[in-house]
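K.L.:
To start, I am sharing the structure in question, which I have written as C-alpha cells.
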C-alpha cells in the first residue's frame, strides 16, 4: 500500500476544538480590558482578533502536522512518518500489534473521524503506542480489522485494492483485500444499534448491526443501500464466500458471526455510586471548577470565603452539617451516575472470531481451543471508545470487587493482557476494563467466557493466615492505644506540667518554638485542669472502640478474601481486604516464579507465591498460602519448572511430582538439572 | 505428612564478594558514623547520655557494615540449569526466584567501579515481566561473562518472543 495522509477533515476538528482555548483567553481579555474602562466595541474587536489569531494558529499547526504525517501498511509493518519540527519515522511489525484502540470525542464523531492508537507491548514507554490522529471511521475500522485479523501477510495487497462486487452484498467481515481503503463500502444499516433483540439471540445475529453503528458514527463515507437487509445468516455467509477472495478462500473463508458477550443493562447503573468518590463529591466538583472560577475572578479558597463558611457552620451546626454532608453525597452520587452514563452508555463486549478455517464452537461455556479471536469493548455515550484485544495476547482475566461494590453485590472484570498501556489522563476507566460494575454472577460468567474456560473454585488458606491478619490488626490498634494511655498517665503524674515549665527537653530546644509555646500560662492552666488528660483518654477510647473493631473486620475480610485454585488452563489467585481481586492467570503466560517468606511467615508455615507474567501488573500473588500447598501449586501450575528445585520429604518422597495437563506453551522439558 | 521445600541453589557468590560488599557498606557507613560523632563533638555540650547514644549508633553502623555482607554471602545463592535460572536472597525475608530459559529476554553483565577492583561482575537476567529482573551478584567476572554467553546462547535458541 502506498503512503497515505490523514483526512483533511481533521482541520475542521481542530478549528472547533481550538474554540476551547479561545473561550478562557477571551474571558480574561474581556475582564482585563473592562477593568481599564475600554468601550465594549473595542473590547469585542480585540476579543475577536484574539480568537481569530488563536484559531488560525492552531489550524496552521494542524495543516503542518497533516502535511508532515504519512502512514502505510505493508505486508509486514505499519509505518508512520510524522513530526513538524523533528521528523520521525516509526515502524511497527504487524505481528507485534497487540491492541487497537479507537477513540472519538463528540467533535471528531460529528466529522466521522476517530483517533487510532495501536498498542505494541512494552511497559509504558513512549514507543509502546503508535497513534494515528485521526483517521476516518471506515479507515480506522478496516485498519483495526486487518491488524488484528491474524490474516497471513500475503492476504494484504500492497497496492490500493480495487472495489469489487456490489457493496450491498458484502459481508461486514470481508477480507482485507476486498476492503477498499478510504472508501470502504460500509453499508448504512437500517437496523439501529441495540434494537431490542433478546440477549440469547446475540450469537446468531449477524454483524450487520455492528456495521450499522460504524455507519452512524462515521456517516460520511458509507455508501450503498441496505437493500439486502433481510438476509439470513446463511445468505450472508454465502455472499462472503461467494466473493472467493477471502483469506482462506473458498468455503473456509466464510465469516462467522460477531458474538456479543455482554451489553449494557441500565439496572447496572445502581452500582455506579458504590465508589469512594461518592463521598468526596463536592470536593471533586470544587476541584474541577477551581480553575475556570479562578479565571473568572472568583476566589474559592480565600480567607473570606473560609471565614464565611466557618461562621455559617458554627452558627447552627445541627442544621448545617447534615445539609453539607447530604449535599456532598448528592453531588458525589450524581457525578458517579453521570460518569457511568457517559463512560458506559452503549457498552458492548464482543468477541470477533478469528481466522476462518480454525475450529470454532460458540457454545456458551465451551470456548474453542483456538485462541485467535479478538475481544472488543465498545462504550461511551458522548466520546465513543473501542478497544480491541488480540485474544492470543490475553493472559487472563481479573474480577475486581472494591469494598463498597462488593457490599452491594457487584464486581467488574478487567483483562490481563500484554501490550496494554496505563490509563490515559482524563480517562475515568482503566484501559483494561472489560465491563462496567455489574452483578457478581454476571462478572463471573463474563470472566469465564473471556478466560476461555471455567474458573477453578478458590481454596481457602490455612488458619495461620487469619491469625496473622488478626494479630496485625491487634498490633495496629493496641500499640497506639497503649502509647496514648501511657501519655495520659504521664500527664496525670504531672510530667507534662513539669516539662512545660521549661525543664529538660524544653530548655534543650533552645527555649524557642514548642518550648515557649508550651510554657505559656494558658497551656499550663489547660494541662492543670485535666482537660488535656481527658482529651487523651478520649483518644484511647476512640482507638479501642472504633479503630480496633474496624481493623479486626478488615483482617477477617482479608482472610476471607484469600484463595487460590488451579484449573485446566488457569492459576487462580484471590486476595485483598478492601479491593478484592480475583485473578485467573493463564498458566501458559507464567514467565517465572518469585517465592517469598518473611520471618513471620516462616514461623507460621506460610509463604507467598508470586507468578510473574508479561501482562497486566507483571506479577500476581498467592498470598499467605500454606508452605507445602503453595509450592505444590506452583510446581503443578507450570510443570517441570519448579520441580528440580524442590525436595520432598515424608511418605511422598521419591514419587515423581504430579503434573497435570500442561498448557500449550509451558511444555518446558523437565530434564535433570545440570549444574553450572 | 509429606513436606515440600525449596532446596537452596547450588552455588554461592565468589568469596571476594564479601570484601566487595563490605567495602561498599563501609563507604556508606563510615561517613554516616563519622558525621554523627563529629556533630556530637562539635555542636553539643558533651552530655553523657547523648554520647552513649551516638557511640552506640556509630558502632551499630560499622557492625552492620561488617556483619551484613557475611550474612548475605551465606544466604545468597544461585544456580543455572538447562531449563531455568534459580536464585535465593534475603536474610529476614527469604526470596526465591525462578525464571525458565524459554522466557528470558535479555542477559546483561554489569561491573561497577568498586566491583572492578575486586574482579567481580553481576549478571542480570530479564524476563518479560514487570516484576523486575533477576540479578546474580558478585560473580568472578570471567565466570559471569561465561555464564552470560551461555544464557544468551540458550535463549537465542528458543523461539518466540518470550511473553
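Keep in mind that glycine also has a Cβ here, set from the backbone N, Cα and C atoms.
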K.L.:
Of A:231-250, A:251-270, A:271-290, which span is tagged transmembrane segment by TrEMBL?
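P.N.:
Spelled out, TrEMBL records transmembrane segment over residues A:271-290, not the other listed ranges.
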K.L.:
Against which stretches of its own chain does the transmembrane segment (A:318-341) lie, if we need a Cβ under 8 Å and a gap of at least six residues from its ends?
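P.N.:
Those are 269, 272-273, 275, 277-285, 312, 381, 428, 436-437, in sequence order.
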K.L.:
Sort the residues of the domain 'YdbS-like PH' (A:67-145) into helix, strand and coil with DSSP and give the three counts.
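P.N.:
Once the DSSP states are binned, the domain 'YdbS-like PH' (A:67-145) shows 22 helix, 37 strand, 20 coil.
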K.L.:
The transmembrane segment (A:534-559): which same-chain residues, six or more beyond its ends, come within Cβ distance under 8 Å?
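P.N.:
For the transmembrane segment (A:534-559), the sequence-distant neighbours (Cβ-Cβ under 8 Å, at least 6 residues beyond its ends) are 461, 465-466, 469-470, 472-474, 476-478, 480-481, 484-485, 487-488, 491, 575-578.
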K.L.:
For the domain 'YdbS-like PH' (A:566-624), give the DSSP counts of helix residues, strand residues and coil residues.
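P.N.:
The composition, in the requested order, is 9 helix, 37 strand, 13 coil.
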